[in-house]
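Contents: one structure, followed by commentary.
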C-alpha cells in the first residue's frame, strides 16, 4: 500500500476512540429507548414481566445496532476513496478464523441467554390456573365479542367484560365464524379465537379501570371496529354488577345503562361501543343518517317494501335472507344480545321512518 | 390478419384467450347440463374454471409451447435461434429465449407491479392518515392492503431477484445461457398472467380478495369470488418461481465454465443456488394451501370446516411452511448482491468467503425449522413454541456472520461511496435493525403481546424494504451499465437514496412504537390515541413514494440517453464485466476459463477468468487489477 497517511494502520488510540463512541452511543440509545413510553398501562400481573423483558431486550439490542453502524460509518469515513486513489485496491484480506469464531460464539451466548430467559418467563405466564379459578367464556363473532362468566348459579352473559381486581381469571376463547384474536393490550396477552377449538389463557387483573378489548386477527369487513372494553372492578362492585346482569332478563345486558328513550339515529351512526354493537352506518348507506358506506346494501333502496317487523327480523337474524351480490355472514348476528329490546325497537323505528319518509 | 393469428404473438394470444373462455363456458354448462344441475349457467363456476384455464390458452397463444408441441408431435423443429436475443424494443414483448432479454423482461414487469403495489400503499396511508373513514370503505381497504402485499411479494421482490440473476448469473459462471431457455421464457410469461389476475380481482363482484396476503381460512373460504383470483394467481406465480429455481439449479450445477469450482463462484451465484433450493422445496406447500382453499370454496371439500372435521390450524401450518422460507427467498439473493457490490466498490475480497457461502446454506436449512413462530398465538399446541423460538433465534447466528463479514469487507478497503454502495451500506444498517426486531419477535412472551400489531408491520418493512428493497436498488444501479450499456445519473441516484433512506425510517420506525402501544394491524380505523403518529407516518410515506419517481425518471432517461458506460465501469473481476455492455447475443465467443477466486482485489496480478477477447471490443476504460487478464 502506498504512503497515504489515512491508510495507515488502525492505532490503539483509534480503537479506544471507537470503543468510547460505541459505549457512549449505546448508553444514549438505551436511555432514549427506555425513556420512551412504549407500553399501555399495566393492567395485569403479566404486564410487569413482559415490560421488564422488553427492557432487557432493548439493553441487549441497542449496542449490537450501534456497534455495527459505528463500524460502518468509521470504515466509510476513514477509508473512503480520495482523489488519486481511483486505481488503488485494498489489502487482500480474505478473512480471519479468530474473528469469525468470536462473532459466531458471542451471538450464540447472547441467543442462549435470551431464549432461556424467555422460556422461563413463558412457563411462568402459562402456569396452569388454580382449581376454582373464575372462568369467562369469550366468544368472537363478526364483528363483536360476547362474554359469558361462569358462576355457581349458572353462566352470566354480557356484551361487556367485567372482571374483579386481583382475582385470577381464565378465558376460554372460541369463535363462531372466522378466526378472531382476543387481546387486551393492557393485559399484554392475546390468543386467536379459532372455530372448532377452544384456546385459553389466564391472568390476574391488577388495576381498576376500563381497558380496550381489541380483535387482533383480520376477520373481515368490520375487523377495525371490533373494539370493546373490559372493566376491572373492586370485589364488591363486581358482585353488584354481576347480580344485576344475572337478574336482567335472558341474556340482555343493560347496555351501559341505556335510558328508556333511546336515540335510534345515534345507534345507527355509532352503534353501542359499550356492548359491542357495531354501527349500522359503518356498512350501510342511509340518506337520512348521512352514511354512504357500500359494504352492505343501501338501505334506502333495499328496504322500500319492508315494514318494521321485517326490518327487525333482518337485524336480529341477518343471514336468513341475503341480498343478491352480498355474502352471508358478514353482518353481525348478535344484535339480539348486544342491544336491549328498547334499543332494537328504537333502531327499527328510526330506520323504518327514514326509509319510508315517515315522521 | 389470419397470418398474424397463426403466428405466435399478441394477436394469437388474444384469440386463444377468447377461445379459452368459450371452452370453459362450454365445459361448465355442458357438465352442469349432463348432471342436471340447475341453473345450467353459473357465472361463478365459469369464472373459476376460466381463471385456471384461460392463462394456459394465453401462454399457448403468445407462443410459450410452440417448440415443445412441434417437437412432441414429431414435426420438424428448427433450432435457428429465431426467438433468441432482442434486435429491437419490440422483441421484449415477445417470447424470447435469451436470458438477458428475459432478465430485462422480469425486471421491468416486476417494477411495473412495484409501482402499482406502492400506489396501493399510498392509498392505505391516505386512509390511515387520521382516524375514521377517509377515502375507502372497509371492504376496499382490506382489498387494497391485501393486493399491496401480494403484488410486492409475489410480483416484485421474488421475481425481480429472479430477473437480476437471470441476467447476471449465466454471465458470471461463464455460461452462454440458462440450462433451459424455453422453460425460462415460460417462467417469465406466467408472471404478468398472475399479476394481471390479482389486479382484475378489483372488478370481481363483491370486491377484490381482502383476506390479507396470508389468506387465512376460513375467512378466505367464505369470502366473495375475488378471493379465487388470489388463490389461482398464486398458483401461476408459484409455478413460475419453481420453474426458474429448477433452471438456476441445473444451470449452476452443470453449466459452470471450466475451472469455476463451487468455491470460485461469486457469492451472488451461491445466494441464488441457496434461494433456488428453498424455492424448489418450499413453494409446493403454498400451492397446496391455496388448492385446499380453492377446493373448499368451489367444491365444498371441508378442509377448513370444523363442523365437518376440518382443521383450521392446518392451513396456517402448510401456508407458513412455504411463507417463512419465502422470507429468505426474498433476502438471500439480496445478500448475494451486497457481497458483489461491497467487494467491487471497496476493492477488497469478501471477508470470510467460505463462511459467507456456508451461512447461506445454514439459513436454507434452518429456514425450514421455524415456520410456527408465525403461530405463537394461533392456538396451536403450546409446546411447539419453545423449540420454534430457539430455532428462530439461531438463524440470527448465520445472519450475524454475514453482517459482520460485510462490515469487515469494508474495513481498510478503498471505498467508493457511489449509489450502489450507498444502498449496500444503508442495507447493512437497516437490515441489522430488522434482524434485531426479528429476534425480539422470536421471543414468545413478547410476541404474544406484539404479534398482529404495527410492530410486525414495522419489522417486515425493515426486513423487506430496508432489507430486500435496498439490495434490489443496489443491484439495479450496479448492473444498470451492464444491462443497458449506459451510465445512470449519479446525482439523481444519490438523491433517490437519501430521500428513501430518511423517509423510510420516518415512515416505519414509529410503527414499532404504536404497535407496542396497542395498535393492531390490518385495520382501516384505529383508536384516537394513535392519530398523531399515523399522520406523521402517512406524510412521510408520500415523500417515500415520491422518491421512487426520481428513480423511475433516472432509469428511463439514462437508458435512452445516458453516457456510454464501457464494458467494466466498476473495474470488477467477475466475468460478466469482462464482456461488452450489453453483452453479445451468446455472451462469449468461446467459453472462458476460470483460474482464480472472484474477489482477488489487491492481489498483484490476480485473475479470475481468462476470456478470448473479441477483436472489436475495446479494453475497459478503467485500468486496475482487471486489466491484467485482458
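Positions of Cβ are set from backbone N, Cα and C atoms, glycine also.
Over in TrEMBL, the protein carries these features:
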type: DOMAIN; residues: B:89-595; note: domain 'Cytochrome oxidase subunit I profile'
type: TRANSMEM; residues: B:104-124; note: transmembrane segment
type: TRANSMEM; residues: B:144-169; note: transmembrane segment
type: TRANSMEM; residues: B:189-216; note: transmembrane segment
type: TRANSMEM; residues: B:228-255; note: transmembrane segment
type: TRANSMEM; residues: B:267-287; note: transmembrane segment
type: TRANSMEM; residues: B:319-343; note: transmembrane segment
type: TRANSMEM; residues: B:355-374; note: transmembrane segment
type: TRANSMEM; residues: B:386-409; note: transmembrane segment
type: TRANSMEM; residues: B:421-444; note: transmembrane segment
type: TRANSMEM; residues: B:456-480; note: transmembrane segment
type: TRANSMEM; residues: B:492-515; note: transmembrane segment
type: TRANSMEM; residues: B:535-556; note: transmembrane segment
Subject >> Segment-segment contact (the transmembrane segment (B:189-216); the transmembrane segment (B:104-124)) at 3 or more Cβ pairs under 8 Å >> reply: yes
**OP:** Please work out which recorded stretch in B:104-124, B:319-343, B:355-374 has the most C-beta pairs separated by under 8 angstroms from the transmembrane segment (B:267-287)?
**Re:** B:319-343
Original post:
Does the transmembrane segment (B:104-124) reach the transmembrane segment (B:355-374) with at least 3 CB pairs under 8 A, where each pair is 6 or more residues apart?
Top reply: no
Original post:
Hey, does the transmembrane segment (B:319-343) touch the transmembrane segment (B:421-444), meaning at least 3 C-beta pairs closer than 8 angstroms, sequence gap 6 or more?
Top reply: yes
**OP:** Over the domain 'Cytochrome oxidase subunit I profile' (B:89-595), work out the mean pLDDT and round it to an integer.
**Re:** 95
Original post:
What same-chain residues lie close to the transmembrane segment (B:535-556): Cβ under 8 Å, and 6 or more beyond its ends?
Top reply: 114-115, 118-119, 121-122, 125-126, 128-130, 473, 476, 480, 488-489, 492-493, 495-496, 499-500, 503-504, 506-508, 510-511
Original post:
Sequence gap of 6 or more, Cβ distance under 8 Å, 3 or more pairs: do the transmembrane segment (B:319-343) and the transmembrane segment (B:144-169) meet that?
Top reply: yes
Original post:
Near the transmembrane segment (B:144-169), which residues from the same chain, at least 6 beyond its ends, have a CB less than 8 A from one of its CBs?
Top reply: 99-100, 102-107, 109-111, 113-114, 116-118, 120-121, 123-124, 127, 136, 178, 184, 187, 191, 194-195, 198-199, 201-202, 208-213, 215, 230, 233-234, 237, 240-241, 244, 248, 251-252, 268-269, 272, 275, 326, 329-330, 333-334, 337, 464, 468-469, 472, 475-476, 479, 482-483, 522, 576
